[in-house]
Amino acid sequence: MVIIQNIVSETHMFPGNDLKVRGLVPNRQPDAMDRTYTPEVVDENKERGNWSNKVEFMMSCFSYAVGLGTIWRFPYLCYRNGGGAFLIPYIIMYLLAGLPLFFMELAFGQYASEGPITIWKICPLFQGIGYAMFSISFLVAIYYNVIVAWSFYYLFASFTNELPWSHCENDWNTPACARFDGKNCTVLGGLLNTTGHCLFQNESSPELWDSLKAAAGASRMPADEYFHHSVLGISDGIEDIGGIRWQLALCLLLGWIMVFFALLKGVKSFGKAVYFTAIFPYVVMFILLIRAATLPGYIDGIMFYLIPKWERLTEAKVWGDAAMQIFFALSPCWGGLITLASYNTFHNNCFRDSLIVATGNILTAFFAGFVIFGIMGFMAHELGKPVESVATEGAGLAFIAYPEAVSRLPFAPIWSILFFVMLLTLGLGTQFTLLETVVTTIVDSWPDKLRGRNHKWVVLGASCVMFLLGLTMCTRNGMYVLQLLDNHAATFSALIVGLCEIFVIHYLYGVDRFLNDIKVMLKRYPPTYGLWYFMWKYLTPVVIIGLFIFCTVDFAPSSYADVVFPGYVNAIGWVISAVPISLIPIVAIMKISKAKGSLRQRIDSLIKPTPDWGPALHRHRAEADVPRHVDSRVPLTLTVASSMNEEGGDLSDLDPVLEIPEEDGDIGLQMKPTRRV
């Protein structure tokens, strides 16, 4: 500990204390040792940890926001909703809902340096919002890593001279499997028979022609049968559980092991892993784009993707799809953005980061469309079919359509390996943040017991629990269970959480106060103060309400392929949706029951920020003009001097001594009072 005496004064005010205390500066020229105590060093929150640098935070946000949905859903929605015309409602919804929510959550988490549950000191009555975020991330993380496991399975299967889904001569293939190249036959109006010969209607009997048409409609690509029969071993329905597919279970275990080691040391190890998961997908997409541009049919696929159909802009469903996609592409209201931002330094420019990451997400989705539809154009050319007949979304695109197209390329295994490594990095990047959200929430709830050495046990425990729950989707009916979770875990619940979040921050706490908090962090208001005020208080809530209504009207019972789930299964899905939402009123009732006073007094006290709401470090609490923490990290002079002042003591008896702790993560200065004898 370095002790510096002979101090001159420089006045500072510590809010929450009537006593003016003199800031302490050495009565000499600063040497090299003093210059090490710069704002960048003292900004480090060593109790909780920070990102090693700003780039790691940016990479983690990109890795979280640019997930599998960016690749396998946006291009499909774009073509289905008017091609290039879809970009207009998409960009508008980005400006009205996506960016405001993204910026709000980054600023919220950065200001308080708290996880999704403990951050609700801003309004304790609504701490249930944090529990809802925790449960959403928990549920999504369970099934999201199953998709990562599928990617591992395909990746391992690609290390071969011939891809197993490139032909119909495997044990899992059925008579419906068809690999023939029907391009020329289809163009000429013919149909292929079971031996691969092209037959025409004028050369066939009516009975034979009808049977050929029926067979053509029932035929399945080798990649389709590989996914459903070899990988999933899919059963006839969700009620037919079947046994665990041990190959998938081992791939799932590998996925959780990778996630565990990436988060073993918290944001320090996480921050290093995201360099790869954030950057590598762009490298692969660029390589695949170059390859796709050399294939026949590429232009047809791109034109199909981009040609605008302006008349579609009058349809409400187009605008609903745009709002839904931007809402879930940026992943607000799950707690992940709050978690990532909570490890920022206090004065990080979160407004700039929001613009870069959120806009980068849109540009990535648009760029991915050129890759996906370029390959789909090639596949349509190979099969002699229109592009719309081979275009699909979701798992069908990633694990059926794209592998089928890749299998038709020269050196197919190489392209398959690249594609599935890309899927892995996209999936793992999002999975890292989902698990970090769960772990941060748990650790922040019991920091004295779980922070530090015990952090790794929290990561291990969470990983093991979610791995065991994920095994339910490694069974023969696992695809149906995954579909049910995907439809219900983060749809209606996330929208309601988002609406409650906006209500608390911008109505109960106050949009003016929130903008002032941002000003403290950025040293200025965000550009266009009035616009942010208007969007947060009026426009964004209206968009979310409209989106909720759209989802309700457009909702269809869960199903997969031709299998419609029974009514009781859909009821279970609604229970899954209701669990996160129900935590909001349950926690509120518990808070009210434990408070003192009349019901009105209890509610009034619970909707106000607690005394310890605000920045984590005392230095920043002074900047924000909020009450100081009362704990072991408070400068001792303040406590002793206040006590002496109240007791009528002589403050001149105190001889201030400045201590600069070598390992202190706060302001770096502590007052050690000594009484003159």
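Just so you know, glycine gets a Cβ as well, placed from its N, Cα and C.
Bear in mind that TrEMBL entries carry predicted annotations, made automatically and left uncurated.
Val66 (Na(+) binding site) is surrounded by 27 other CB atoms, counting those within 10 A of its CB over all protein chains shown. Taken from TrEMBL, the feature Na(+) binding site covers Ala65, Val66, Asn361, Leu426.
The disulfide bond annotation in TrEMBL covers Cys168-Cys177.
According to TrEMBL, the transmembrane segment annotation covers 55-74 (among others).
Annotated transmembrane segment per TrEMBL: 86-108 (among others), in sequence order. Beyond the ends of the transmembrane segment (86-108), by six or more residues, the same chain brings 61, 77-78, 119, 312-313, 318-319, 321-323, 325-327, 329-330, 332-333, 337-338, 340-341, 350-351, 353-355, 357-358, 362, 366, 498, 501-502, 505, 514, 517-518, 521, 526, 532, 535-536, 539-540, 543-544, 547 to within a C-beta distance below 8 angstroms of the stretch.
Packing against the transmembrane segment (129-156) from elsewhere in the chain are residues 68, 115-120, 231, 247-248, 251-252, 254-256, 259, 333-336, 338, 395, 399, 403, 416-417, 420-421, 423-424, 427-428, 430-431, 434-435, 437-438, 441, 466-467, 469-470, 473-474, 478, 481-482, 485-486, 489-490, 493-494, 497, 500-501, 504, 576, 579-581, 583-584, 587: each is 6 or more residues past its ends and has a CB under 8 Å from a CB in it. Summarising the annotation, TrEMBL assigns transmembrane segment to 129-156 (among others).
Annotation comment: TrEMBL describes 244-264 (among others) as transmembrane segment.
Summarising the annotation, TrEMBL assigns transmembrane segment to 273-293 (among others).
According to TrEMBL, the feature transmembrane segment maps to 322-343 (among others). Long-range neighbours of the transmembrane segment (322-343) within the same chain, counting only residues 6 or more positions beyond its ends whose Cβ lies under 8 Å from a Cβ of the stretch, are 48-51, 57, 60-61, 64-65, 67, 69-70, 73-74, 77, 81, 86, 89-90, 92-94, 97-98, 101-102, 104-110, 112-116, 119, 130, 133-134, 136-137, 140, 267, 350, 358, 361-362, 365, 430, 433-434, 436-437, 440-441, 490, 494-495, 497-498, 501, 543-544, 546-547, 550-551.
When Cβ-Cβ distances below 8 Å are used as the criterion, the transmembrane segment (355-380) is approached by residues 58, 61-62, 65-66, 70-72, 74-75, 78-79, 87, 90-91, 94, 98-99, 102-103, 282, 285, 288-289, 292-293, 295-302, 304-305, 326, 329-330, 386-387, 389-391, 397, 401-402, 404-406, 408 of the same chain, each at least six residues removed from its ends. Marked as transmembrane segment by TrEMBL: 355-380 (among others).
Annotation comment: TrEMBL describes 414-436 (among others) as transmembrane segment.
Residues or ranges marked as transmembrane segment in TrEMBL: 457-478 (among others).
Same-chain neighbours of the transmembrane segment (490-509): 101, 104-105, 108, 120, 122-123, 126, 129, 132-133, 136, 139-140, 327-328, 332-334, 536-537, 540-541, 544-545, 547-548, 551-552, 577-581, 584, 607, 609, counting only residues six or more beyond its ends whose CB sits under 8 Å from a CB of the stretch. Positions annotated as transmembrane segment by TrEMBL: 490-509 (among others).
Residues or ranges marked as transmembrane segment by TrEMBL: 530-551 (among others).
Remote same-chain residues near the transmembrane segment (571-592) are listed as 124-129, 131-133, 135-136, 139, 484-485, 487-489, 491-493, 496-497, 500, 558, 565, 599, 602-603, 606 (criterion: CB distance under 8 Å, separation of at least six residues from the stretch ends). The feature transmembrane segment is assigned by TrEMBL to 571-592 (among others).
For the transmembrane segment (457-478), same-chain residues at least 6 beyond its ends with a Cβ under 8 Å from one of its own Cβ atoms are 138, 141-143, 145-146, 149, 232-235, 237-245, 248-249, 252-253, 256, 259-260, 263-264, 435, 438-439, 442-443, 450. The recorded stretches the transmembrane segment (273-293) and the transmembrane segment (55-74) share 3+ CB pairs below 8 A when only pairs 6 or more apart in sequence are counted, and are therefore in contact. Rounded to the nearest whole angstrom, the C-alpha distance between Ala65 (Na(+) binding site) and Cys177 (disulfide bond) is 37.
Distant neighbours of the transmembrane segment (530-551): 93, 96-97, 100-101, 103-104, 316-317, 320, 323-324, 327, 491-492, 495-496, 498-499, 502-503, 505-507, 511-512, 514-515; these residues of the same chain sit at least 6 beyond its ends, with a Cβ under 8 Å from one of its Cβ atoms.
Asn361 (Na(+) binding site) sits 38 Å from Cys177 (disulfide bond), counting Cα to Cα. Proximity of distant same-chain residues to the transmembrane segment (244-264), defined by a Cβ-Cβ separation under 8 Å and at least 6 residues beyond the stretch ends, is recorded for 145-146, 148-150, 152-153, 156, 231-233, 270, 273, 428, 431-432, 435-436, 439, 456, 459-460, 463-464, 466-467, 470-471, 474-476, 478. With the fewest other Cβ atoms inside 10 Å of its Cβ, the least crowded of the recorded positions Ala65, Cys168, Leu426 in this structure is Cys168. Same-chain residues that are not part of Ala65, Val66, Asn361, Leu426 yet have a Cβ within 8 Å of the Cβ center of the Na(+) site turn out to be Phe62, Ser63, Tyr64, Gly67, Thr70, Ala329, Gly360, Thr364, Ala365, Gly429, Thr430.
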